[in-house]
Every structure is written in structure tokens, then in C-alpha cells.
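In Swiss-Prot this protein carries:
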type	residues	note
ACT_SITE	Asp294	active site, proton donor
BINDING	Asn172, Glu238	Mn(2+) binding site
BINDING	Ile175, Tyr176, Arg177, Arg189, Trp190, Leu191, Arg194, Gly195	prenylated FMN binding site
Amino acid sequence: MKYSDLRDFISQLQQMGELKRINMPVSPYLEMTEICDRTLRAEGPALLFENPTGHTIPVLGNLFGTPQRVALGMGATDVSELRKIGHVLAMLKEPEPPKGFKDMLGLGSLVKSLWDMTPKERRDAPCHDIVWEGNDVDLARLPIQHCWPGDIAPLITWGLVITKGPHKKRQNLGIYRQQVIGRNKVIMRWLAQRGGALDFREHSIANRGQPYPIAVALGADPATILGAVTPVPDSLSEYQFAGLLRGSRTELVKAIGSELRVPASAEIVLEGHIYPDESHPSGYEHALEGPYGDHTGYYNEQDTFPVFTIDRITMRRDPIYHSTYTGKPPDEPAILGVALNEVFIPLLQKQFSEILDFYLPPEGCSYRMAVVQMKKAYPGHAKRVMFGVWSFLRQFMYTKFIIVVDEDVNIRDWKEVIWAITTRVDPTRDTTLVDNTPIDYLDFASPVSGLGSKMGIDATNKWPGETDREWGTTITMTPEVKKRVDQIWQELGI
């Protein structure tokens, strides 16, 4: 299914019984978090809070609270179809010469589809229906959630941050949380390795002393939102990929105060700059961010990040504010990880044909632990796969633990994974520790902020060269006996 904008998606979710409208007044301060958390854990619907306490703008929560709704947002009808998207991305990342006429036609069709999905720029747009400028710019007028009791301030969570580096042809889309610190100021928390931070760093070197323009889109269409969290090849625009998911070109409009292009159908757009401040070593305004409850289930440490000053807020008529919360798994990021896991698999298999399956357990905070099922071919093969996964996609840079198992182990069943670890692993021989690697800043378990270690666990059967002992043989029943018992099972009355 395809959706022209967020409102179209909401309408179709409601028809499918996947969205619940809440008419009762509910406060953005803590109450929405508790309601959304209970609903997500029950695999319930998306929630549209129509009367947030103290505000007239409705709040949309739990939008991607089930893998099925993530799949719907990506234009699929079921989670199983997401692997097709992964196959497309794998081909775009590393295209192969066509093996025959049929392959050539297929490749040509995909290239044409991508060309046809070049974003379309409009002269006017719904997101410019209403414009707040000057003293009218006041974030307190938006129903921004205060998610947890220990959070320092309200937090913008689902903002699609749009940036552009001075030497890049295309814009970057990323989702970074933003702490409200004033009527027109937020702290832009982006890690140094993320696209937005890299764009800003390039600007601060090339154009030091010049304000850095940013736009933040709230309530874009689902394909554009999900395109921003998908491992799109660097050569492909997230807007272009969103068009491919949607089946129609992404419509953009020029921001009023900069050259950035924003989604024309976005519900709300924040426009502004990171302004110079020579009192900070970077030459730009910074502030201390946090603490906030995050996807680890803990409150994180404070750290310093750039301040984004909002010069204007534009919006559609009767806008909808899209929000979420992060907390101990499962939360929305964990659910997104479950769905995007299916997109990752073809990408990994394209690079490492020995990988049969790949799983990011949601309990592992979306990406901190990965389990890999492989077809082992030689001694030490599992270690090659570990380092391959760590280095292949940016998404796995922060994966702390990788467990590798053989093809006879179902990696989505923890009972089988634990059985493999406890019967096939010698802790000294089969664990690989790597020091001083990039780690999520939110991971307070690391000895240094942003830098820590990783562990690989080889839970495969060991081959000659890996052990001098005779390796155990797995116990299995004969096929003949299984078939016989299948035939008489009903008669046994068990």
C-alpha cells in the first residue's frame, strides 16, 4: 500500500483497526509515555491523542509500535516483504553485471524506477500554510512530550533533521533527539559519526563563523521517515529511496530561510541555524544536554552538543505533532530494529554469502547484540564473519556482542542459542575481544564515553585445527522412527 502523506497513512491505519483516537484529555507530561508504553507492550494500535492537556495540536504516538506497521509504512503488506527491499538496496550498494537478457531488463527497470523517483520540487506546499516568526516562535505552543520523571526538559523525538555539507551534492536526513532549552532553542544531540554531525563539522571548517542552516520536519510521510533510518547507499538520496518505497516522487519545497529542501507534506517544520559563539572551542553555540531516559532503560550522562536556534516554525492547517518515547526494550526503536532486521539480511548476504540468517534481539537495545547463522567452510571462519559484520554497515559500528552459530541452530530461539554457547564454546579459545572501538555515547558501561570494547563469541562446531579433541555428534532420531510416530500420534491420545 502507498501513502501520499502522514494523514493518508493515519486514515488507512484507522480503517484497518490499527489506530485508536483518544478523545479524553491526556497530558504530554509523563501520561502519554505510560499510555504508549502499555499499548506497545500489548502490540496495540497507533494512538492519536486529540486533546493533549494545555494544547490544541493533536499528538500521534506509537505509530511504528509493531513490525507490521513499519512494513506498512515502507509500502509492504507484511514484514516478510521487507527482504525484497533489502535485495534492492543490496543491488544498489554493489551492483553486479547482468548474467543475461532477463537480468539486464530487471536492472534497467530498477535504474529507470530510481531515475523516475528524483524528488519533485514545488513552489508552494501545505507545510507553509501557517508561518510563525519572531516572537510568535515559541516551542511551548507545541505539545512536546516530557517522557520520564527524571528527564530534564521536554524532548523532540521524531524530528527528521535535514542538513547539507558544503562539499556534498545531496542533503542528509537523520533523526536526532532535541532538548528544549528555551522558546526558540533546542540542543541537537547528534553523535560525531552521524551524517548531520559530519555535515556540520565540514561547515565549521570550511565556513567558520557563518551560521549553519538546519531544518527539522515533524510528521513527514511514513516512507520519508523510514527512509531516514534505513541503510541507504551513500550514492542514493533518502528522498529518492522514499519515492521508490512510496511509488511516487517525493515532493519537496525550499525552506523559507535557507536553501534546504523539506518534505512538502510535513505537518510541522522547524527552520533555523546553529549560530557562531567564539566562547566555545568549536566556534559555535553549545550547551549541556540531558539527562534523559533512553532506549537502554537508564538515564544517560550529560554531554555538550550544538544549540539549534529556531528562526521560524511553519506548519499545515490543523497540524499533527508526531512523537515517541525511548525506554527499556521493547520501545519504538526496538520494534523498528525488528522490522529493519529483515532489510539488513540481504545486504549482509550480498557481501558474505556464508551468512544464512541474522538477528538483532530487541532486548539488545536495537543493535547492541547480533546473532549470526552461517554455513561454516574452514577453521576461523566465524571470526571472519564477526569482523565483517562490525565493519560492513554504519548501523553495526556500535554492536557490542556478536554470536556466531552453525546452520543447525535457530538464532531466533534463545533456548537454541544458549545451548550452542554452552556446548560449543570454550571461553578462552572462542571469545574474541577488541579494545578501543566506537561505542554509543549512551552506553555508560564503556570505560570512556564513546569508546569501548566488543566481544565476538564463536558458538560454531569446531573443526580440526581449532581443537585436538574428537568433537561431539548431535543426537538426532532416525527419519523412519519420526515418520512412524507421526502416523500413530493421534492414536496414542497423548
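Just so it is clear, glycine is given a Cβ too, placed from its N, Cα and C backbone atoms.
Projection of Swiss-Prot feature records onto the structure.
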| residue | record | CB count, 10 Å |
| --- | --- | --- |
| Asn172 | Mn(2+) binding site | 20 |
| Ile175 | prenylated FMN binding site | 18 |
| Tyr176 | prenylated FMN binding site | 22 |
| Arg177 | prenylated FMN binding site | 22 |
| Arg189 | prenylated FMN binding site | 22 |
| Leu191 | prenylated FMN binding site | 19 |
| Arg194 | prenylated FMN binding site | 18 |
| Gly195 | prenylated FMN binding site | 21 |
| Glu238 | Mn(2+) binding site | 26 |
| Asp294 | active site, proton donor | 23 |
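Trp190 (prenylated FMN binding site) is surrounded by 21 other CB atoms, counting those within 10 A of its CB over all protein chains shown. Apart from Ile175, Tyr176, Arg177, Arg189, Trp190, Leu191, Arg194, Gly195, the residues listed for prenylated FMN, the same chain places the Cβ atoms of Val161, Gly174, Met188, Gly196, Ala197 within 8 Å of the centroid of those Cβ atoms.
Proximity note: of the listed recorded positions (Arg189, Trp190, Leu191, Gly195, Asp294), Gly195 have a CA within 10 Å of the CA of Asn172 (Mn(2+) binding site), given in sequence order.
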